[in-house]
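Chemist: Pasting a structure below so you can have a look.
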Amino acid sequence: MGEAIVVTSGKGGVGKTTTTANIGTALALMEKKVCLIDTDIGLRNLDVIMGLENRIIYDIVDVIEERCKLGQALIKDKRFDDLTLLPAAQTSDKSAVTTDGMQKIIQELKQTYDYIIIDCPAGIEQGFQNAIAGADKAIVITTPEKSSVRDADRIVGLLENEDMDPPKLIINRIRNHMMKNGDMLDIDDIIQILSIDLTGIVLDDDDVIKASNSGEPVSLQGKSKASVAYRNIARRILGETVPLQSLEDEKGMFKKMKKFFGIRS
Amino acid sequence: MLEENQTITIKGTKDGLTLVIDDRGPFEDVIDELTDKFSEYSPKKDEPVVPVTVKLGNRYINDRQKQQLRELIGNENCFKIEFFDSNVIHRDEALTWKEDSDVKVINRIVRSGQILENVGDLLLIGDVNPGGKVITSGNVFVMGNLLGIAHAGANGDRDAVIAASYMKPSQLRIADYISRAPDYESEGVYMECGFVDEKQDKIVIDRLQVLSHKRKDISGFERRMLNG
């Protein structure tokens, strides 16, 4: 029996879809069977980021309206056999999906997959209700900005009314120099306001945008900071204890030596 | 000397008349006797209005009966019932009264978009986040960060106060007063309280210690805490 995790944020543009794609890919890297669901009906993106756009034949609305079987709508990933995507419809709107329909699909997917990652649309309307309907757990994404923390707080409040575990937090798009100057909210401040467990921090990384545009999730690229961050999050989802990534840039050997001898640089 | 079976005694005091109604015997008798008593009395015009206190002893009368008495005594005469003094109150009244004076302890976080409404005093153990709101008819005490909106004395009690461990609210409201945070970025304050200052006619924020001078009756809160 698998586990359904919804990735949500309230505010748009904080990186829900990117996070969904990357956590899913990272879990698949660790040889888990993963299914990604895009519930942003009418504004689908997940397929683009995964680079699977031109393989879509049927979508989630087709499944709900019984124009096809669930298995027919699932798209197998190019890179992993155990990673599939259930795309959203681009032509319908959010009312085409019901909470019952979602629950049924997720129940069915749970039989075969270890993890089902649900990409939630922005907002708190029907689309949000649909996305969280079948989920067992939730991950709330925020950026170190006031508006996005405010919306995350609203979402956490709404999730508390649902029958699921307390949500986990990912802080996305951290810019270290701004956080140091105090121009961005501090990680501790954000946790204090939202008072939920932190499950990962992701630095603002140019590679993420490059990767999204090329349809290759960044978590496949070994070196970049964001890639490591996403893989760490996936490991935490699997239950491993992984320390938080350091925000500092990698120091050279010389600087490390200086620090070791206590010389100020 | 008073007669044995007399149910109504009228006393004059410096504050007006006191009407003592014996709590035995049916209410109809009281009405009859009062009608009797007042029919003997014909007031002169432009006599000053005399305030009357009605002492009911252990008798309970409902609103309709109160109205009946008011009409009987007040009409045509220069009397006006100021106050009904009874040893008994109705269960519902008692419950409302208890609710209004109780301290409700609530342990949660009031998040953005959430409203926590309450009657009586509210002791919130947890934060009020920006965009969250607590409303109560009594005082608000927050053991945590007050970052959102707090409304005390929502039914019009201007003596209500708002106290918090850490205070950086977006708005404080007490009865019909509203104050908001300044436009510039400011630090919050620890262990402070907001209350309506009569002289300045607005909500002021001061140290918690000030409360003991400004709102003496608030110690009722402490007393209730001690008594459980």
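The chain as shown is numbered from 1 upward.
Using the three backbone atoms N, Cα and C, a Cβ is placed for every residue, glycine included.
TrEMBL annotations: computationally assigned, not manually curated.
What TrEMBL lists as ATP binding site is A:Lys11, A:Gly12, A:Gly13, A:Val14, A:Gly15, A:Lys16, A:Thr17, A:Thr18. Among the features that TrEMBL reports, domain 'CobQ/CobB/MinD/ParA nucleotide binding' is placed at A:5-218.
Walk me through the surroundings of each of these features.
Modeler: Taking Cβ-Cβ distances under 8 Å and a sequence gap of 6 or more within the same chain, the neighbours of A:Lys16 (ATP binding site) are A:Val7, A:Thr8, A:Ser9, A:Asp119, A:Cys120, A:Ala122, A:Ile141. Secondary structure at A:Lys16 (ATP binding site), as computed by DSSP, is helix.
Summarising model confidence by region, the domain 'CobQ/CobB/MinD/ParA nucleotide binding' (A:5-218) averages a pLDDT of 93.
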Chemist: Near the ATP site, what residues other than A:Lys11, A:Gly12, A:Gly13, A:Val14, A:Gly15, A:Lys16, A:Thr17, A:Thr18 in the same chain have a C-beta no further than 8 Å from the centroid of the listed C-beta atoms?
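Modeler: Neighbours within 8 Å of the Cβ centroid, excluding A:Lys11, A:Gly12, A:Gly13, A:Val14, A:Gly15, A:Lys16, A:Thr17, A:Thr18: A:Ser9, A:Thr19, A:Ala122, A:Ile141, A:Asn172.
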Chemist: Please state whether DSSP places A:Lys11 (ATP binding site) in a helix, a strand or coil.
Modeler: coil
Chemist: Tally every other Cβ atom lying within 10 Å of the Cβ atom of A:Val14 (ATP binding site).
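Modeler: If we count other Cβ atoms within 10 Å of A:Val14 (ATP binding site), we arrive at 25.
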Chemist: Return the residues near A:Lys11 (ATP binding site), defined as same-chain residues 6+ apart in sequence whose C-beta is under 8 angstroms from its C-beta, sorted by sequence, else 'none'.
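Modeler: A:Ala122, A:Thr142, A:Ser147, A:Ser148, A:Asp151, A:Ala152 - these are the non-local Cβ neighbours of A:Lys11 (ATP binding site), listed in sequence order.
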Chemist: Taking the Cβ of A:Thr18 (ATP binding site) as centre, how many other Cβ atoms lie within 10 Å?
Modeler: 27
